[in-house]
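Reviewing the structure listed below.
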Amino acid sequence: MAEEPIRLTQYSHGAGUGCKISPKVLGTILQSQLDKFIDPNLLVGNETADDAAVYDIGNGIGIISTTDFFMPIVDDPFDFGRIAAANALSDVFAMGGKPIMAIAILGFPVNKLPAEVAQKIVEGGRFACQQAGIALAGGHSIDSPEPIFGLAVTGTVSTEQVKKNASAQAGCELFLTKPLGIGVLTTAEKKGLLKVEHQNLARDVMCQINLIGAQFSQLADVTAMTDVTGFGLLGHLSEICQGSNVRAEVNSAEIHTLDGVKDYIAQGAVPGGTNRNFDSYGHLISAMSDEQKAILCDPQTSGGLLIAVRPQAVEKVQQIAKQANIPLFRVGRLLEADTMKPLIEVI
């Protein structure tokens with residue numbers, strides 16, 4: 001009798017970026033009674049919820065440093081490693097930089113799962129690093145109750161091309177490079193609702209590395225860029241709005257989702273992270289339908305890049321995406337701040 005295949009998602013209580021601590025709780029954790037340490041060379045810290053830290057080392061060069069890790073969102077070990085690595089690498093591209101090396105972060109239940117499973121996870125991470133043109137140069141591992149994997153990534157960026165949450169401008173158009181609904185599809189799979197024709201849809205999107213960010217960063221008219229992950233589209237957009245003192249309009253009719261997402265929402269395949277996200281920033285958003293909330297607050301894992309583009313550069317950005325065979329979905333626009341209106345208006 002053949003052994004049952006190992007299903008990694010059965011060994012964790014959370015999945016992918018849905019494991020992230022909610023924005024509200026994270027805000028409490030990051031409060032400090034200590035005087036702020038001022039370093040004039042630290043160009044980007046954690047004040048504006050950016051994707052990575054950036055340090056000026058001189059001669060117009062910034063060093064990017066970031067880390068990201070989570071529990072399995074798929075059952076296959078190799079795919080889990082690929083997705084976790086792609087997700088971590090994305091932070092560097094979202095800042096407008098290029099990665100130069102990575103080290104692995106591995107937590108593994110050595111008494112529950114064979115070492116060969118961990119080997120496949122790391123191999124998946126190594127594969128993604130090679131796709132990004134860098135080495136997986138080392139790492140650290142611990143014995144943990146649940147599988148955890150991710151990377152700490154180092155990158156470089158021109159200090160004049162850093163894309164910050166605080167640099168967006170009113171009048172910019174908003175674009176996203178991947179469809180939404182990853183959290184919904186992975187939840188549908190856990191619930192046994194996923195149709196055969198929708199298998200691997202989410203996996204394939206999560207494995208795509210956001211290499212295109214390095215090209216977008218060359219354009220001064222791309223004023224801000226971030227990746228959409230565990231806080232959902234509205235959560236990460238709210239970080240841009242708050243950091244840049246602007247507000248946003250999101251056109252729900254223009255939002256692209258993975259096939260089947262709306263049907264699975266109707267069947268109750270909404271991850272717990274969706275409500276945690278809404279509880280954290282829902283007061284900043286205009287009224288939405290339940291379906292809109294389930295899509296726009298859906299926690300993404302290795303999601304797309306959200307970019308703010310001045311109108312005169314929209315055609316150029318679309319051309320870059322087309323040449324790279326990357327989808328580019330218009331999702332809304334940025335407007336002048338107005339304290340009498342919601343930070344983000346969903347229409």
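Placed from the backbone N, Cα and C atoms, the Cβ positions cover glycine too.
When ASP50, ASP51, ASP263 are compared with the Mg(2+) site residues ASP91, ASP227 in Swiss-Prot, the one appearing in that site is ASP51. A gap of 10 Å separates the Cα atoms of ASP51 (Mg(2+) binding site) and ASP68 (ATP binding site). Among the binding-site residues ALA49, ASP68, GLY139, SER141, the ones whose Cα is located within 10 Å of the Cα of ASP91 (Mg(2+) binding site) are ASP68. Between the CA atoms of ASP227 (Mg(2+) binding site) and ALA49 (ATP binding site) there is a gap of 12 Å, rounded to the nearest whole number. In the three-state DSSP scheme, ASP91 (Mg(2+) binding site) falls into the helix class.
Other than the site residues ASP51, ASP91, ASP227, same-chain residues with C-beta atoms no more than 8 angstroms from the centre of those residues' C-beta atoms, the Mg(2+) site, are ASP50, ALA52, THR66, ASP68, SER90, VAL92, PHE93, ALA94, MET95, THR226, THR229.
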